[in-house]
Amino acid sequence: FRIQIVPHLQNLTTNGTVTIRLDVLEDTNKIIFHVNNITIDKHSVSVTSTKPDSRPIKIDDQSHVEGQKYKIELNEGLKKGEQYLLEIKYNGALNTHLQGFYRSQYHDANGQERYTASTQFSPTDARRAFPCFDEPLFKAKFTINLARPSNMSTLSNMPLKTSDVSVDMADTYWDHYPETPKMPTYLVAFMVSDLRGRTAVNNTMIKVWSRTDYLPQTQYALTIAPEILEYFENYFEIKFPLPKMDIVAVPEFGFNAMENWGLITFRESSLLYDPRRSTNDDKRTIATVLAHEIAHQWFGNLVTPKWWNDLWLKEGFATYLEYFGVNHAEPKWKIVDEFLPSETERAMAIDALESSRPISFEVKNGKQIRQAFDEISYAKGACIIRMMNHFLGETVFKNGLINFLKTYQGRNADRQDLFSSLTEEAHKAGVLLPNETVRIIMDTWTGRAGFPVVTATADYERHKLHISQKRFYLIEKDEKSSWWVPLSFTNQKNADFNDTKPKFWLKGQYEITEDVELNGWYLLNTMHTGYFIVNYDERNWRALSKHIMDLPPPIRAQLISDSMDLARANLLDYDIPLRMISTMAVNDQAIMLVPTVMAFDKLKFLSDILSATPVFGLFEEYHQTIFKETYNIVTFDDRIDDYITRRIRETVLEWSCRSPESSCAHESRSRFRELIIKGTSVEPNLRPIVYCTAVRDGNEVEWNFAYDKYLTTSSTSEKNALLDALGCTQLRWLLSRYLNKLLDDTSIRIQDADRVFESVAKNKIGTPIAFNFLRANWDELVAHYGDGFNIIGKMVKSLAENMNTEYQLNELERFRDSVKDNLSTTSMAFDTAIETVRANVEWMKKNYGQVAAWLHKNKDNYY
């Protein structure tokens with residue numbers, strides 16, 4: 001590909017020329033390629049053989065055809081094995097939907113409006129910028145030439161080669177870039193802007209770009225990016241293959257980031273860190289997103305999936321590997337321990353629904369492709385990759401990955417290619433039997449939706465363990481499903497929590513019986529490395545509960561997670577998890593991060609579903625009683641600059657401030673008043689709690705102050721905290737006014753629309769207001785926000801959290817049916833939301849009475 005593009009930033013148009021060298025694999029007289037919102041200059045189109053003295057081939061017909069395609073029919077055939085040049089002049093749109101080649105704007109430190117033109121081509125939007133073969137299998141080399149005003153600069157995948165003055169456009173330069181390595185169209189990137197860059201001291205090939213006045217905030221990324229890049233180069237034993245890596249904070253950006261080869265683009269809040277105004281959580285986000293995108297330089301860029309049905313092959317790996325990249329750069333965080341609450345929980349929440357989909361599933365059109373960018377591809381993909389690592393062992397797994405990358409570098413591959421590389425290493429090391437392959441095992445995990453619940457029942461006298469499996473559903477369903485399940489095992493007498501290799505397998509069987517040593521408690525799926533949950537006989541659950549504090553924190557989190565999910569699905573009595581959490585909460589004076597986060601997260605479901613019931617007061621009393629010492633220990637003192645301490649504080653204070661009468665809420669309101677009256681700053685890590693609590697308990701004065709502050713602050717971190725806080729108000733008319741800004745107020749950027757809606761929808765008072773707003777403005781919202789980033793789908797999903805009645809379920813289903821002709825990319829989101837609400841309704845029927853009775857019975861004895 002040779003591409004020349006001229007963006008016109010003021011009138012939102014582009015014009016360009018593309019020359020494509022075609023390698024003909026079969027005789028044909030047709031050429032079909034992708035275009036979307038592009039006008040082809042028919043008179044300019046020419047097809048010429050690369051042979052010397054060749055004349056253009058006569059074109060019989062050319063036109064736009066269905067599927068965002070353009071077809072050229074030739075008077076004579078193109079011959080197999082020969083090469084031809086296709087040349088096209090065209091006009092396009094410089095849109096404002098953050099897709100394709102788009103324009104965004106911002107105000108600099110002096111209030112002056114500035115423009116930026118940048119690209120977002122993944123998954124199917126390169127066709128908006130230039131005519132192309134816009135599918136991942138069509139890898140090509142690209143030579144890019146960009147026109148720019150003299151006061152701006154350009155960036156692309158490769159380093160700038162030369163610049164020269166345009167002879168036919170005033171005050172304009174042409175920037176010329178050398179040919180790229182082979183890559184798919186979705187990784188091509190370029191931009192025109194007045195952004196400025198800083199070079200990393202410890203790796204001069206890395207440069208981080210931002211608005212001029214945000215340049216100091218690039219320091220954190222400049223520090224850790226070289227460390228993460230070096231880690232992955234060493235891990236994969238393959239050097240980063242491009243001559244430079246530009247990392248850019250784009251003023252407006254739809255995703256968190258995009259892994260374009262050599263030009264990684266970011267949302268500003270996912271890259272810029274201000275030590276004075278950014279939070280602990282911001283720092284975590286920057287580190288994880290940066291590691292995720294750098295991991296993509298190998299998984300996705302160097303080796304690309306053949307088609308979008310294997311999206312998990314790049315997104316799952318990038319999600320899994322980001323934890324190791326961050327762990328290398330920030331070892332004190334111990335972030336690998338957070339995989340269970342961050343990824344496994346995220347995946348299983350969707351995968352426990354009947355409407356879930358397989359990791360690998362057939363996708364045929366752009367809408368299906370866009371919806372594949374979900375928790376299943378990212379989080380579940382990461383979970384099953386982690387499981388492979390543990391049942392193969394780190395050495396076999398790593399060697400298999402290296403062989404896979406080296407074999408397919410510069411090419412495309414699918415999951416079977418990966419499984420073959422891993423199987424070869426597994427057979428060499430004797431990890432799998434000669435008749436066993438990774439494909440046999442993993443096809444059961446990639447080819448079907450859901451995950452198993454493994455039920456273990458011990459015969460303590462005969463030392464036998466009966467193990468069975470079936471698919472786990474939130475709503476009970478009689479269905480036979482089986483997976484190849486790796487089962488690690490340990491027990492109280494010979495406890496070894498580091499050995500995560502399987503002691504035995506369910507090899508697609510529904511049940512097995514194994515001889516085991518049973519002394520005290522026993523445990524399956526050590527460290528939750530397998531993507532499944534375990535239910536035990538009651539005797540073992542009681543033993544595990546009794547000894548919960550003798551177990552490592554990750555195991556505590558695992559047991560809380562499994563038992564609460566089993567109870568929610570009516571497979572276990574709530575007495576077991578509620579007492580287990582009580583025992584841990586009372587005795588965990590050190591307040592360990594992962595089990596605390598897990599307990600609070602699982603109890604949030606009960607809090608939400610009980611909030612309008614007669615026993616909600618008893619539930620609040622239960623929570624406040626068992627976590628009394630935790631609330632006393634965790635205060636507003638944010639002087640300890642420690643990642644884990646601040647993560648715990650964030651989790652605990654959010655609950656501590658729930659009651660308007662709590663000391664936490666009084667402190668929050670006091671600090672917010674000081675901010676209004678005296679301009680006293682609130683510490684960055686306390687802002688989300690203080691702002692939300694003060695707006696929740698306040699009136700229009702607090703809301704207006706928060707909104708005005710959102711408009712004036714230059715801190716991306718503070719903007720996010722304020723957007724969340726504005727949805728916390730209990731005044732319905734203010735929530736309505738806030739939502740209306742999504743339609744008639746340019747102060748809310750497209751990238752933040754779902755955040756605004758979710759802040760209202762997740763507010764119990766705001767849920768019906770958000771639902772009514774979505775129903776009343778559906779067509780307008782779909783038209784305004786487009787289909788690029790599942791913005792409307794995220795809005796739909798966020799409604800389900802606080803819905804648990806038959807009436808709400810019926811209304812949601814009726815709404816889905818009423819917009820069936822204009823679903824855009826929301827069909828999967830509707831399925832997820834409706835089934836989540838249905839599960840909530842079922843919970844109220846089957847479990848409410850049990851939990852209510854337990855709270856009444858045990859109000860004086862929770863543990």
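Each residue's number is its place along the chain shown, starting with 1.
Heads up, the Cβ atoms here are built off N, Cα and C, so glycines get one too.
The active site, proton acceptor annotation in TrEMBL covers Glu293. On its own chain, Glu293 (active site, proton acceptor) has Ala257, Met258, Glu259, Ile264, Phe266, Ala318 as residues at least 6 apart in sequence with a Cβ closer than 8 Å to its own Cβ.
Sequence-distant neighbours of His292 (Zn(2+) binding site) (same chain, 6+ residues apart, CB-CB distance under 8 A): Ala257, Glu259, Ala318, Thr319, Leu321, Glu322, Gly325. Residues annotated as Zn(2+) binding site in TrEMBL: His292, His296, Glu315.
TrEMBL lists 3-187 with the feature domain 'Aminopeptidase N-like N-terminal'.
Residues or ranges marked as domain 'Peptidase M1 membrane alanine aminopeptidase' by TrEMBL: 220-445.
For the domain 'ERAP1-like C-terminal' (521-839), the predicted model reports an average pLDDT of 96. As annotated by TrEMBL, domain 'ERAP1-like C-terminal' applies to 521-839.
Sequence-distant contacts of Tyr378 (site 'Transition state stabilizer'), defined as residues of its own chain at least six apart whose C-beta falls under 8 angstroms from its C-beta, comprise Trp312, Glu315, Gly316, Thr319. TrEMBL lists Tyr378 with the feature site 'Transition state stabilizer'.
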Legend entry - Other residues, Cβ within 8 Å of His292, His296, Glu315 Cβ centroid (Zn(2+) site): Glu259, Glu293, Ala295, Phe299, Gly300, Lys314, Phe317, Ala318, Thr319, Glu322, Tyr378
Legend entry - For His296 (Zn(2+) binding site): intrachain residues, at least 6 apart, with Cβ closer than 8 Å: Glu259, Lys314, Ala318
Inset, instruction - Taking the Cβ of Glu315 (Zn(2+) binding site) as the centre, count every other Cβ atom within 10 Å, in any protein chain shown. - result: 25
